[in-house]
Amino acid sequence: MEGKQQLPPPGSGAPGAAGEERRPEEGKDAAGGGALGRPLGPTPSQSRFQVDLVAEGAGRPAEEPRKASGERGPAGKGSEEAKGRFRVNFVDPAAGDESPGEPGGGSSEGGNVSFQNGGDTVLSEGSLHSGGHHHYYYDTHTNTYYLRTFGHNTMDAVPRIDHYRHTAADLGEKLLRPSLAELHDELDKEPFEDGYANGEEGTPAGEAAATYTPDSKGVVKFGWIKGVLVRCMLNIWGVMLFIRLSWIVGQAGIGLSVLVIGMATVVTTITGLSTSAIATNGFVRGGGAYYLISRSLGPEFGGAIGLIFAFANAVAVAMYVVGFAETVVELLKENGTLMIDEMNDIRIIGAITVVILLGISVAGMEWEAKAQIVLLVILILAIGDFVIGTFIPLDSKKPKGFFGYKAEIFMENFGPDFRHEETFFSVFAIFFPAATGILAGANISGDLADPQSAIPKGTLLAILITTLVYIGIAVSVGSCVVRDATGNLNNTIVTELTNCTTAACKLNYDFSSCQTGCQYGLMNNFQVMSMVSGFAPLISAGIFSATLSSALASLVSAPKIFQALCKDNIYPGFQIFAKGYGKNNEPLRGYLLTFLIALGFILIAELNVIAPIISNFFLASYALINFSVFHASLAKSPGWRPAFKYYNMWISLVGAILCCIVMFVINWWAALLTYVIVLGLYIYVTYKKPDVNWGSSTQALTYLNALQHSIRLSGVEDHVKNFRPQCLIMTGAPNARPALLHLVHAFTKNVGLMICGHVHMGPRRQAMKELSTDLAKYQRWLIKNKMKAFYAPVHAEDLRDGGQYLMQAAGLGRMRPNTLVVGFKKNWRQGDMRDVETYINLFHDAFDIQYGVVVIRLKEGLDISHLQGQEELLSSQEKSPCTKDVIVKVDYSKKAETDTSIAFAPSSSERTHTLHKDSKSPSSPLNLADQRLLDASTQFQKKQGKSNIDVWWLFDDGGLTLLIPYLLTTKKKWKDCKIRVFIGGKINRIDHDRRAMATLLSKFRIDFSDIMVLGDINTKPKKENIAAFEEMIEPFRLHEDDKEQEVADKMKEDEPWRITDNELELYKTKTYRQIRLNELLKEHSSTANIIVMSLPVARKGAVSSALYMAWLEALSKDLPPILLVRGNHQSVLTFYS
């Protein structure tokens, strides 16, 4: 059915039909490759992807689809007939309409992409039009593009940007390259359904997103000047420029003022370089500083900084608006037109202002950008007004201390003159907030046309321009205006003074009368720049412009950052603010929240307390941006390759440290508060573990550290003091045997390695597919259940091969297993004896590879997969194609190699053959045996009470039999249990043996509550127990004495597990010992929480599998949970220090 091809109907104009003529206006081959003749029908896997293309409107030449992934072949059967075939419909509207362009060079022209089969499809790029009303299929995998490129048809896709997009990319469609399975698998078999690349699984949401092609019309995107440079300059030039800079020059002098500006610039420049590096390391979405930090350092730091940075921007709105309101109130006061009183006037004007600003912001980014340009023009005019004013010294201004450029004033003002307990650092703390604002451009990264080039250019140029202006104004104001002046015209010096020391004196003015309480001069008058300027009202306009532009920038930044934070769902409670409105996805809810926060702080109007906290919040984000660059460079991740090359990891680290120092310089308690808040949010996000994976440098560094430590560890020789049990547990699916997992986890957690081995058997192709899905699924399951373990699946012909592969290859360097842990094969007598042979050979293989062996037996059994395995599979994300929403009972007895009590779970390919619905519904009660099994499976998750761990250390295996119980007692759940030690001995030397063992244990520093020496181990067991044993082994005996030699030999060869009479006689003593030990165990240890006992060893080739299995059965039946342990006879305990 798959191979049949349907020819296009005659006259349908289907491309690829024989003899189709090429249109003269087309310079290249027609899209269908008609000139080349029709290719042979595509192979089944080639015809997997098809495009069903419908074009309306006649008379338009067919444009060639550029780089489309396919060739028009003959139309195949509909998707219902083809396996895994997908159809994509491109509908071109009216003939006269021009199709929209291709934003980012990747979006398909023509809309309506519909996925009929789950979205696993290749979308072609470029126009797909044809003349007339044609309806045809477009086979995207065999395009003439590839024929032209390589000279022959190939399914392989050439490199192109659309293969590397995220599914929800704004810039264009994500195309799926052919999976490896489609290129590599045999043709008569169906390729994998899910050939996804690393970490790019098509989630339903992702597939839905891939169908959405954004409409580029109406979306406002800014270039680097309007979007970054203007914003940063406006944000950096604040009120400080007009009101505080002259006072700073008065206090610190010209020299130190330039140093203060220089120091602030160093911090901001390093941060600017770091921001540029991160911004050019891949596509930047909206969210500014939050986006940069979270994608570099991970959600923990990003979530913490995103929240406080958004809050800081919101409160900064209040700070700037109050600055504006204060200036207006000053003007009102001068003119005597106050409304109520100063404080309330500030509140009223501030509230009105913030409402107007909100209106501008909500009107859209385009309006906001226009407002910013107007404000920048006013600001530049104000600065120009001041510069011109410095060259026009009027006599009327001289009494106020302004004399024009004079060398004497420059010399006098060059050095510092700190007053009123000010210091260099206090002056620096006052100036530094004026240098912040460098992230104003980055904060609206989502609204930039090309953030990767705009952010570096705009930010660094803004820092350069603003710094030069700051330094220029500081030097010019310091060269023109004296520190103190009275403003009194009568202070002109008439007579020549001989002892002139001050510059004013040399310029014939005597201001000595008010040395301490002058009203004018750099030290006393904040309005020096207004006084110096040519036209004073323009300076007031400049102050308004500086405050309002900064307020506007912050009012836009805060919601954008907060929206990005909410979209990532790091704080689930804030999800409501993620919604955007309109073409630009404007965060209107965020605007409203920012407005309310700002309004609240405006009404408080006590900003002297809040200002240092805001500065520290900004600095904390600067510190983390710098640290991100250092961290990413340190982690040496191959994905860290910024296009911006002018950064250095060590300079970034210095920048981060400088930011932290400046935080304390500005205000030590605010710095501490910031650290506490960031740390608190970091801990919260770490605890909540948001389900995101951004490939952060934290992950990269974790890998690098693990790799380096593993390599370092492999160079260290093993030492007995550092021995730890590193267990390979044959669990099968980890959730199938929880008791086995929890018990081993109890003594390996934070001590040794634990690997869950899972042997997949059955058809190789199916198993390979299962391996990859199981690996992710079960490793997630282990992490979710707080299991410190690894999951290692392998495919093998049988359990023994799989066990050998795992024992030889599992682990890395020194982190390799040294102990094999298996569950006891409970139903060995009912199953196929070849499985028993395989099971026992696992032990022999383990001893051959110098492994210790631990066999764990619970009388109820271990495997609960038939009870809850299927339910868990159904609830897990990856639903197996064969599982239905019913409780499934699996009958494995028909297949020799799939006995579940061997520690592995069969692959679902085997399951499918023998699945049948259980008559019971999920809610119906379980039978008693199943209920006991479920209860037993959880017993090691509970706290173990004050009970005993009985250690039957009969044979010295190097000490593993003693070490495991000791490790158990170090764990919280087992700490109330006491160790009792049982040893074999002679009746006449019991005291001596007990003392010798007590001495050994005390030297090993292992606490014990009692030591019992068993003198009657070699007593003959009870007759009924011997009889029961013989009855048990009867079906597995060879009885060679009763058969002819030839028949017996043939039988032994075919069934090597059979017990010979000779063997039974030879090992009679050992058999009796196992039966006798079981009697003693029942007598002494029937109330123990757990028994740890030496595992009897059977000589390879001499003891048959059935006899060895019978020994283990006889030894361990009807007892509390028992661990049969045999180390590899290398010492694992030592009493030397």
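Just so you know, the numbers here start at 1 and follow the chain as drawn.
Every residue gets a Cβ built from N, Cα and C, even glycine.
Just so you know, TrEMBL annotations are computer predictions that nobody has curated.
For 1-127 (among others), the entry in TrEMBL reads region 'Disordered'.
Under the heading compositional bias 'Basic and acidic residues', TrEMBL lists 19-29 (among others).
Annotated compositional bias 'Basic and acidic residues' per TrEMBL: 61-70 (among others), in sequence order.
Residues or ranges marked as domain 'Amino acid permease N-terminal' by TrEMBL: 139-190.
The domain 'Amino acid permease/ SLC12A' feature in TrEMBL is assigned to 227-728.
Same-chain residues lying 6 or more positions outside the transmembrane segment (228-248) and placing a CB less than 8 Å from one of its CB atoms are 222, 257, 260, 320, 323, 327, 369, 372-373, 375-376, 379, 382-383, 427, 430-431, 433-438, 440-442, 444, 448, 454-455, 457-459, 461-463, 465-466, 469-470, 473-474, 477, 481, 522-523, 525-530, 539, 542-543, 545-547, 549-550, 553-554. Look at TrEMBL and you will find 228-248 (among others) tagged as transmembrane segment.
The transmembrane segment annotation in TrEMBL covers 254-280 (among others). Outside the transmembrane segment (254-280) by six or more residues, the chain places 245, 248, 292, 295-296, 410, 413-416, 424, 427-428, 431-432, 434-436, 438-439, 442, 445, 451-453, 455-456, 459-460, 463, 467, 470-471, 474-475, 478-479, 622, 625-626, 628-629, 632, 642-644, 646-647, 651-652, 654-655, 658-659, 662 with a CB less than 8 A from a CB of the stretch.
Summarising the annotation, TrEMBL assigns transmembrane segment to 301-325 (among others). Here the transmembrane segment (301-325) has long-range neighbours at 238-239, 287-291, 293-295, 345-347, 349-350, 353-354, 357, 443, 543-544, 547-548, 550-551, 554-555, 557-559, 561-562, 564-565, 568, 570-571, 593-594, 597-602, 605, 607, 610-611, 613-614, 617-618, 620-621, 624, 628, 674, 677-679, 681-682, 685, 690, meaning same-chain residues at least 6 beyond its ends whose C-beta is under 8 angstroms from one of its own.
The annotation transmembrane segment is assigned in TrEMBL to 345-364 (among others).
The transmembrane segment feature in TrEMBL is assigned to 373-394 (among others).
Taken from TrEMBL, the feature transmembrane segment applies to 424-446 (among others).
Long-range Cβ contacts of the transmembrane segment (458-479) within its own chain (Cβ-Cβ under 8 Å, at least 6 residues beyond either end) map to 224-225, 227-229, 231-233, 236-237, 241, 245-246, 248-249, 253-254, 257-258, 261-262, 265, 268-269, 272-273, 275-276, 383, 386-387, 390, 405-406, 409-410, 413-414, 434-435, 438-439, 441-442, 522, 528-529, 532. If you look up TrEMBL, you'll see 458-479 (among others) marked as transmembrane segment.
According to TrEMBL, the feature transmembrane segment maps to 535-558 (among others).
Positions annotated as transmembrane segment by TrEMBL: 591-611 (among others).
Annotation source TrEMBL lists transmembrane segment at 617-635 (among others). Long-range contacts of the transmembrane segment (617-635) within the same chain, counting only residues at least 6 positions beyond its ends with a Cβ under 8 Å from a Cβ of the stretch, are 267-268, 270-271, 274-275, 277-278, 281, 289, 292-293, 296-297, 301, 305, 308-309, 311-312, 433, 436, 439, 647, 649-650, 652-653, 655-656, 659-660, 662-663, 666, 674-675, 678, 697-698, 700-701, 703-704.
Taken from TrEMBL, the feature transmembrane segment applies to 647-666 (among others). Sequence-distant neighbours of the transmembrane segment (647-666) (same chain, 6+ residues past either end, Cβ-Cβ under 8 Å): 266-267, 270-271, 273-274, 276-277, 425, 428-429, 432-433, 612, 615-616, 619-620, 622-624, 626-627, 629-630, 633-634, 674.
Only residues 6 or more beyond the boundaries of the transmembrane segment (591-611), in the same chain, are considered here, and those with a CB under 8 A from a CB of the stretch are 311, 313-315, 317-319, 321-322, 325, 343, 346-347, 350-351, 354-355, 358, 361-362, 433, 555, 558-559, 562, 577. Looking at which of 345-364, 424-446, 535-558 has the most CB pairs under 8 Å to the transmembrane segment (373-394), the answer is the stretch 535-558. Same-chain residues lying 6+ beyond the ends of the transmembrane segment (424-446) with a Cβ under 8 Å from its Cβ atoms: 222, 227-229, 231-232, 234-238, 240-241, 244-245, 248, 251-252, 256, 260-261, 263-265, 267-268, 271-272, 275, 279, 284-289, 291-292, 313, 365, 416, 418, 454-455, 458-459, 462-463, 466, 470, 550, 553, 556-557, 560-561, 564, 585, 611-612, 614-615, 618-619, 621-622, 662, 665-667.
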